[in-house]
Amino acid sequence: MLDVKYLRNHFEEVKEKLLKRGEDLTNIDRFEELDKKRRELIAKAEELKNKRNEVSQQIAVLKREKKDADHLIAEMRDVGDRIKTMDDEIRQVEEELNALLLSIPNIPHESVPVGKSEEDNVEVRKWGEPRSFSFEPKPHWDIAEQLGILDFERAAKVTGSRFVFYKGLGARLERALINFMLDVHIEEFGYQEILPPYLVNRASMTGTGQLPKFEEDAFRIETDDYFLIPTAEVPVTNLHRDEILSAEDLPIYYVAYSACFRAEAGSAGRDTRGLIRQHQFNKVELVKFVKPEDSYDELEKLTNQAERILQLLGLPYRVVCLCTGDLGFSSAKTYDIEVWLPSYGTYREISSCSNFEAFQARRANIRFRREPKAKPEYVHTLNGSGLAIGRTVAAILENYQQEDGTVVIPEVLRPYMGNLEVIR
C-alpha cells in the first residue's frame, strides 16, 4: 500500500510512475476525486460540530436564565441529524478510499528499466554454459516417465490437470533438494528456518498484496474464509503483522519450505505438460525484514543467495531485471533468475527476488523503532524463491540427462540420496 500522505502531495508524480507500469489510472483518479470530497465533508462536518458546541453553550445559558430555548434545541436536532448523515457519508467515502488504495500497485524504483512486457526485461548477468548434447535432449516429462519417477497421468485421474505424483527416486530427489536448499540458506547465509501453516486468513493475503486484486488466482476454503498459500511469503511475512520490532533485531532472515497452491487462472494453454506450471508445488522461500536504507543492498544479497543454489547444482542460469511493465503488483524492483532448460532451448524462471520497500509493511502494519522511545517506522520487506523445487527437478533432469535415458545426480545432492550417483 502506498503512503497516503505521499500520494496526496504527489498525485501527478505517482500517476507518471504508474503509467510506466502500463497501469490504468482510473482507480488513482477516483482516489484523488474521493480524497478531495472527503476533505470537504470533514471541513463541513467540523463547521457544524463547532456550531453545535457554540449553540449548546447558548442553550445552557438560556436554561440557567430560565428563558425559552426550544427554537435552538430544535435547530440543534436538525444540525445533529446533518452531522450524523455527514459522518456516515465520510465513513462510506473512507471505505471506498481504502479499497482503492489496496488496488493501487507499488511505485517502481528509479533503477527499474521502463518497458511494456517481459520482452523489455534487461539481462544483468549469466552464469555457466549450456551443455552441448551429442543427442537430441528430451523434455523432463519424457525422461521422468521413462524412469518411472513422475506420474502425471495418475495425478490427473486422482485430482485433475497440473498435478503430479513423485515416485521412488523422484520423490527422493525432491526431498533431497528441499533439505539441501534449507541447509545452504541456514548454514551459509544465517537464515532462521520457519515451517509455516498452509492456510491463512484474508488479512494475511491482503497484507502481502495477493488480495483483493488476485483472489481469482487463489484457492479459498469458503466455510472459514481461509486461503491455501500461494507461497510461504504470505504466512512468513505476516508473522510480524501488527508488530513493532526493534532496530537491534534487524535484519531478520527467514527461510521456509512449503507446498504452494495456485489456481493459475490466466494460464490456460501455457506449459500444459511437465513441472513448470502446477496447481500444487514445493518451494523454499526466503523472506527478509530490513531497515529502509539497507533494502537495496539486501536485494542484491538475496539474489546472490538464490543464485548460489544453482551454482552449487551446476545449472546454467541468467539474471534479468524486470521492466516496469512486467513488475509484480507489490514489488518496487525484481530480479528473476532463469535456469537453462535444453528442451525449451531457452531460460525459464526459477526464482523471483523482490524488494517491496514499505508496500507490504504498510498493509500489514509491520514497524520498527530505531531507539526505545523513537517514533515507529515501517520496515522494508523482501522475498525470493530459494528455489522452486519442481522447476529445479525439471532443470536437473534435462541438464543431467544421458543418452541412455539415465540422469546423473549433481554431486552436492548425493549425500542427501545415500551417495547415489545416477537415477536409472
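Every residue gets a Cβ built from N, Cα and C, even glycine.
In Swiss-Prot this protein carries:
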type    : residues                                 : note
BINDING : T231, A232, E233, E285, S385             : L-serine binding site
BINDING : R262, A263, E264, E349, I350, S351, S352 : ATP binding site
Candidates T231, A232, E233, S385 (binding-site residues); nearest Cα to E264 (ATP binding site) turns out to be T231
Alpha-carbon distance [T231 (L-serine binding site); R262 (ATP binding site)] in Å
9
In sequence order, which residues at least six apart in the same chain have a CB under 8 Å from the CB of I350 (ATP binding site)?
L310, Y317, I337, E338, V339, S385, L387, A388, R391, T392, A395
In this structure, which of the binding-site residues S351, S352 has the fewest other Cβ atoms within 10 Å of its Cβ?
S352
Among the binding-site residues listed here (T231, A232, E233, E285), which has the Cα closest to the Cα of A263 (ATP binding site)?
T231
Given the binding-site residues A232, A263, and counting only Cβ atoms in the protein chains shown, which has the most within 10 Å of its Cβ?
A232
What's the number of neighbouring CB atoms sitting within 10 A of the CB on S385 (L-serine binding site)?
26
Using a 10 Å radius around its CB, how many other CB atoms surround E264 (ATP binding site)?
13
Just name the most isolated of the binding-site residues T231, E233, R262, E285, E349, going by other Cβ atoms within 10 Å of its Cβ.
E349
About how far apart, in whole Å, are the alpha carbons (Cα) of E233 (L-serine binding site) and S352 (ATP binding site)?
12
Other than T231, A232, E233, E285, S385, the chain contributes near L-serine (Cβ within 8 Å of their centroid) the residues V234, V236, A256, S258, C260, K283, V284, L286, V287, N383, G384
Could you tell me the C-alpha distance between A232 (L-serine binding site) and S352 (ATP binding site) in angstrom, no decimals?
13
Could you measure between T231 (L-serine binding site) and S352 (ATP binding site) for me? Cα positions, answer in whole angstrom.
12
